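Asks: Just passing along the structure, written as structure tokens.
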Amino acid sequence: MKINIISVGTLSKEFQVIFDDYIKKINFYSNVNLIKIKEFKSNNKDLIIKNETMAILEKIPKNSKVFLCSLNAEQYSSEKFALFLQEDNISFVIGGSHGVDEKMFKGAWKINFSKMTFPHQLFHLMLIEQIYRGFSILNNKIYHK
């Protein structure tokens, strides 16, 4: 099993340390790969969205089940989210600060973590923690209560 997290931008050293700690825990269950997309700089928001979306799409492996993190999506419980992790090849997409062109992600599942807004770096930790929690649920580990 392989999980890709394709994200626009980078993590600070402090957030990267925590992120890497979760990856070590998850590697017992699955291989996790963080694919970083460079932020596109422009004063034109539409151009930023277009270029970042295209860069993300180029990095999605063939035959990967794509989960687009979106404000325009359904929210799931941790137990339901865990069921998504039973796919063989998964790619989670985290767009940049302006989002992505969601029409370009045909066939992708859309997931929403909250109606609240979170800092980009914090969301990485929320996603990786839910992936770890999901594997804990699937494997009947005490972590999820």
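Glycine is no exception: its Cβ is also placed from the backbone N, Cα and C atoms.
Sequence annotations record features per position, and here Swiss-Prot assigns S-adenosyl-L-methionine binding site to L68, G95, F113, S114, K115, M116, T117, F118.
So where do these features actually land, and what's packed around them?
Replies: Here M116 (S-adenosyl-L-methionine binding site) comes close to no residue that lies at least six apart in sequence on the same chain with a C-beta under 8 angstroms from its C-beta.
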Asks: Using a 10 Å radius around each Cβ and all protein chains in view, which of these binding-site residues has the most neighbours: F113, F118?
Replies: F113
Asks: Restricting to the chain of G95 (S-adenosyl-L-methionine binding site) and a gap of 6 or more, list residues whose Cβ falls under 8 Å of its Cβ, or answer none.
Replies: V8, E52, T53, I56, L68, C69
